[in-house]
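S.K.: Before I ask anything, here is the structure I am working with.
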């Protein structure tokens, strides 16, 4: 047997991976159509992340993929090949022929991505390469094909069907929006702007988005593209801890309502016209102040109907409030009308809680209201509770064993519970599974406390987490490793959310609002 020609590529190891050359593909099993080489380039991977994400910057893959045909007689380093068939739900031009082809068994997802890109390019010369991810039997591939077959006990003699999807990772990092103090809350539920809450100071404009509403401890501002400040919202006397858009599904921005929670023990409700042209900033007062908590309020959330809000506090309770601007006659018992002297001479009301949910024994750190009849809460007492709004009783009590900082509900059928707290583990529960309250998924790539988690609103599989380790991570339930690690912050990350479906926004101790965009989730 002749000596193999040496390749310039090196083998994979646990921390550093080298993009290596050569694969062959054929239109059928009898002939070899071509082989492809990729530039040898060493990628620095985060220690322990075997899937090879270069600190979340998967966009760098664009810089190392290229398409060059080698001579047909070039020998192939891999000693084994497997027959694969590529399938996808993506639309043209990203579809490739479903004919089975032979590929080296030691290909990882980087090599598989090169194969698919080259097949697409063969039918479309204008195609620009992009990274793909690969699923076998519903599981994301994070090892070589040979290793996967051995791990799953799959015969190498059968044709392996591989589904490819667009890789979920930010392709662009926008210029950070600087604040004068910690960015403690962020909400991206409305596509026209980003809502942030701060410990103190003023926010700065971000010219590439329609508008940013920036809140600080005493004054709030709305910024439009080009640096025009159109509105100033004044009211709170202490740091803002949580922000929520009330009924964000409403397409009109002419009468938008938001809720803010603060360490001053109050909630404040605001309304504004985000499209109203202003030559000079207009000062806005809250149309309602909600009082009733006896300690700092940590979280505020609104149901899909948008007629109420709920809040969690350090006083260990959850309060429900009427959020309508004009309260009905039946709500008058819980409302104290009070005239406030404002520049516009507007009336301002004070609201008392409609009801109080009692059960937690320590700070209620996070609340979500995904359905009209159900509220979920997380607490420093190590528990997650599901509350029946009508009865005021908890119908589910999950003991986590850790102080909890954040909570969200989503995923499959919007039933999965994600939570994080005083350890580096992001946990997922499925309350539909009878007889067990143990997490169904545990993701442990963070290195410090988890401060925020949020499901993608159009995907069953994807969510984002933020941590005091300064990282924001994108997750897919089909793999134990993060899809991307966003390291835009230089200090603890305090909050994170999805925005417009293809961006992740986050804020932290470094006083930055960071935006990672062009993320292909769906």
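Positions of Cβ are set from backbone N, Cα and C atoms, glycine also.
Pasting the feature list from TrEMBL:
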type: DOMAIN; residues: 82-149; note: domain 'NLE'
type: REPEAT; residues: 233-280; note: repeat 'WD'
type: REPEAT; residues: 290-331; note: repeat 'WD'
type: REPEAT; residues: 357-397; note: repeat 'WD'
type: REPEAT; residues: 443-485; note: repeat 'WD'
S.K.: Let me spell it out: take the repeat 'WD' (357-397), skip the flanking residues so only those 6+ beyond its ends count, and list any with a Cβ under 8 Å from a Cβ in it.
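M.R.: Long-range Cβ neighbours of the repeat 'WD' (357-397): 298-305, 308-314, 316-320, 403-410, 414, 417, 419, 421, 429, 431.
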S.K.: Over the repeat 'WD' (233-280), what is the model's mean pLDDT?
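M.R.: For the repeat 'WD' (233-280), the model's average pLDDT rounds to 81.
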S.K.: What are the DSSP helix, strand and coil residue counts for the repeat 'WD' (357-397)?
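M.R.: Counts, helix then strand then coil: 0 helix, 26 strand, 15 coil.
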S.K.: Give the residue counts of the domain 'NLE' (82-149) per reduced DSSP state, in the order helix, strand, coil.
M.R.: 20 helix, 17 strand, 31 coil
